[in-house]
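So the structure is just underneath, and the comments pick up after that.
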Amino acid sequence: MPTNFTVVRVGDGRKSSWEDGDDSNVLREEDETTPGDGNPKENSPFINNIDNEKGSLYDGTNMALFEEEMDSNPMVSSLLSKLANYTNLTQGVREHEEADEEEGARKKTVKSPQMGTFMGVYLPCMQNILGVILFLRMTWIVGTAGILEAFSIVAMCCCCTMLTAISMSAIATNGVVPAGGSYYMISRSLGPEFGGAVGLCFYLGTTFAGSMYILGTIEILLTYIAPNAAIFKAAEKEHEAAAMLNNMRVYGTCCLALMAIVVFVGVKYVNKLALVFLACVILSILAIYAGVVKTIFEPPEFPVCLLGNRTLQNHNFDKCLKTEIVNNMTVTTELWDLFCDSPHLNATCNEYFTSNNVTVIQGIPGLTSGAISENMWSSYGPSEMLVEKKMESLEVSDTSEDMYLPYVVNDIATFFTLLVGIYFPSVTGIMAGSNRSGDLKDAQRSIPIGTILAIATTTTIYLSCVVMFGACIEGVVLRDKFGDSVKGNLVIGTLSWPSPWVIVIGSFFSCCGAGLQSLTGAPRLLQAIARDGIVPFLEVFGHGKANGEPTWALLLTAGICETGILIASLDDVAPILSMFFLMCYLFVNLACALQTLLRTPNWRPRFKYYHWALSFLGMSLCLALMFISSWNYALVAMVIATCIYKYIEYRGAEKEWGDGIRGLSLNAARYALIRLEESPPHTKNWRPQVLVLLKLDSELQVKHPRLLSFTTQLKAGRGLTIVGSVLEGTYLIKETEAKQAEQNIKKTMSTEKTKGFCHVVVSSNLRDGVSHLIQSAGLGGMKHNTVLMAWPSSWKQTNDPLSWKNFVESVRETTAAHQALLVAKNVDNFPDQRLKEGTIDVWWVVHDGGMLMLLPFLLRQHKVWRKCKMRIFTVAQLDDNSIQMKKDLQMFLYHLRLDAEVEVVEMHSSDISAFTYEKTLVMEQRSQMLKQMQLSRTEREREVLSVLTLLWRSNLTPLILQEQLSHDKDIVSHPAVNHSTDATPERVHMTWTKEKFISERTRNRDNQSNVRRMHTAVKLNEVVVNKSQGAQLVLLNMPGPPKSCGGDENYMEFLEVLLEGLNRVLLVRGGGREVITIYS
């Protein structure tokens, strides 16, 4: 629908920046790229363009409301000014001769591209599509496959390229396509991994195409132009094929070297001669059509000699006769000498020669001869099969001598799929127009029209040639690949008018030109890939001469092209490049289909005649043709592309090109997240999705990087990992620090090989920030279910009580959120190298949903812990049957499919030791020290009496009681606490109320609880240290924090006693659900 714009002029009494003739914003060609830096710069006149010059910023007064945003958001007038001058790189390169001739200042403007649809797209596509296969193999394909099957081969291949052209037109018209052509389109649509893989495949295809064209050139030269120029000559017929291959290798190598020198020295001459080569192709095709028309009235004379029904090579004889009458005498002919041991009439001759007569037929019977009915069906056969006409003949039993006789035979085994692979290169070249997008006046209009018209034209030519060849040429001549039956003439040349040499010379120069074009285009394609920086080892090929000529890429291209020439057979090289081109076309269709289905906002191609179903059909047809033509070559091409893909994924530079694969990933992620939101995961699918809480030092570096490596070991590369940290302050002030912290964490994650997400939160205090992470980290069903943090080892030494209070609050919040909690003590001592031996000891005191069982199993999946054995300890009380407990635990582990040693440790009830009371008193005294310093003397004595009452009720022995009482009195009368010089106890006045009585009783009950907890911590620590002091890792149930906040410091003391004497400990607290099951 039309869109109307209204431009309102706002005057300010000044001359606007785009009216003053300043051309500082005009893009320069030499500013487009930085040669060899690995990252071509893509010019953009839009928002946040860092290349805007200061002078171009708006400095008027009419739009003062927006003046603070002018640095990032330019005025529309300035934007339109830049768009008017915006252009992209042209495909041509500047010759060093031209660079030397430039004098003075650099050019300030780029010459506007002027090429239209016909010259810029249509003719280049025609030149690249029509080529060597048409002239050298088309007649042979028609004769071998028959008109019907040959027609289907051509139709199938042309449909493939037409569908690909439709997809390519949509991509090419979806914005400007800079240098790189087809590679640029694929990489920006499918991402750097696919782009690099397919780009290199396209490069290899173009390089092998150069090999094919050079081999075609040499075949025309040695077979049809100068057969006597062969260096290697076979004395016997069976060695002719090997000699021909050696000649192809020698001449092909020389031709390649010559072409490479031409490309290196003068690319501009290659570009200028392109029209000459195209004229040769067009003239040759016109000669073919003229010859077909002429056969209606006067077919050309090309006699073919048959012996019985066998076709003879017409090289060494002039007359198709066994004998002839000369001067009334019957004499033998040259043909007789080829089949008999002497020229005499009584000589011994070949049995088949004696039994059958020779006949002469016309090689070109003409369009109205009815030959079309004979050539309708296929004639496949094995190698060395004789080319025979369908007619009566006397067969003989002995055929051993046939290979030494001058029969026309198949040089290779023929079948339908082989012909598909050989023919497909003749329809490639459809991207020649898109590769020249920078030279076009209106690329978004010219590329679709020119490409589709070129494919339609060439398709018409190919299909008509199939019918014309089958209707005009004798079947045995069609199946004669090298024209041996017509005195070594090019078969398609016999049909042309006015002379066969029109086709021979035209095809020779056509193949030469196509070879030069391949050697010109392939290095530039490799240079574009290298400069993108996505394949690190190719970056050297991004460099070149001062004028941008890709010297190193040309050398590599010539080397790869030489491997194709060493193969030396056109029929063997053609399927190779078919694979690479088909893979390229496959991904062009895939890119269009993905962009269409994903409906990305930027997908707005001007070419509207596309559909995702057509793209998928084209993609399926490409894949089918790959396996039809050669399934083993198809697999090799896929393996090469996969290896390149994985290499780029593993080592390549990360690029964000807004590609379709990323859009597909986002859609798949959204769909998966919505599905995960529907219900919580089953126990069998539960795995730790870890939120790692990191602390940063003053320089925003990670304090405990081993926490990340332990996370990697725990997950074995699978599951969700969110690495979080908290900065204190406000986001507006700490924004830069937050970003820097995030970068530092990501760098540490990369060093520790931890794959996951990083999230740095800025909060007014540390506690709230951690709480926000625990509550809100993750998205939908991909939320963490486990929190991992380090044990605050220096909590006693710090003067800030918030250090341990934040830890305890984090424990409480994970419990409230029903998330598992892992606390690692001495995490900096955790291993990051493979352990040769050792044990992972699990102390299973209380059931936590199976976390203690699952974690060692997951750790042992990683190479660091793989050789460690798993031991499980459980605690038996006085009333428990230890033997039965061990049997039950072993059976439980058997059902869980876990291999572990089981041991039951008996902890009988015992009297609470004096050491336990001392630890409890020290803990309480430490926690109440500040409070005691503020109490009155009477209240301090009341504290002492309450402790004494507790000790009496706990049945402490008189000796211990006396020591504790003396110790407490010392504390009460210590001069640091009691500043009074009177150390004599005064009478305690106790005025009891109901509230004071309840408070005192509650405090006594808490003191009793502290003693029992300390007793448990001491006894359990003794047992664990005794059994597991030498273990590589100890996993232990983590007790829950007190419900009231008043005992937080006591809770830390309990944990400190529990962990005392152990090196590597992982405290585990379950999330309130079962995480392991015995069921399948």
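Note that Cβ sites are derived from N, Cα and C of the backbone, with glycine treated the same way.
All annotation found in TrEMBL is predicted automatically rather than curated by experts.
Owing to the predicted nature of the structure, the values given are computational and were not obtained by experimental measurement.
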Which one of these stretches, 498-516, 631-649, 840-858, shows up in TrEMBL as transmembrane segment? 498-516
Take the transmembrane segment (552-570) and find every residue of the same chain, 6 or more past its ends, with a Cβ under 8 Å from one of its Cβ atoms. 132, 136-137, 204, 207-208, 210-212, 214-216, 219, 245-246, 248-249, 252-253, 256-257, 260, 263-264, 518-519, 522-524, 526-527, 530, 540-541, 543-544, 576
Do we see three or more Cβ pairs under 8 Å linking the transmembrane segment (194-215) and the transmembrane segment (498-516), pairs being at least 6 apart in sequence? yes
Can you work out which residues elsewhere in the same chain, 6+ from the ends of the transmembrane segment (498-516), have a Cβ less than 8 Å from its Cβ atoms? 127-128, 130-132, 135-136, 209-210, 213-214, 216-217, 220-221, 224-225, 255, 259, 262-263, 270, 273-274, 276-278, 280-281, 283-284, 287-288, 290, 489-490, 492
Among the recorded stretches 248-267, 452-478, 609-627, which has the greatest number of Cβ pairs closer than 8 Å to the transmembrane segment (274-292)? 452-478
Tell me if the transmembrane segment (412-432) touches the transmembrane segment (452-478). I count contact as 3 or more CB pairs below 8 A, with pairs 6 or more residues apart. yes
Over the span of the domain 'SLC12A transporter C-terminal' (705-819), count residues by DSSP class, listing helix, strand and coil in order. 57 helix, 22 strand, 36 coil
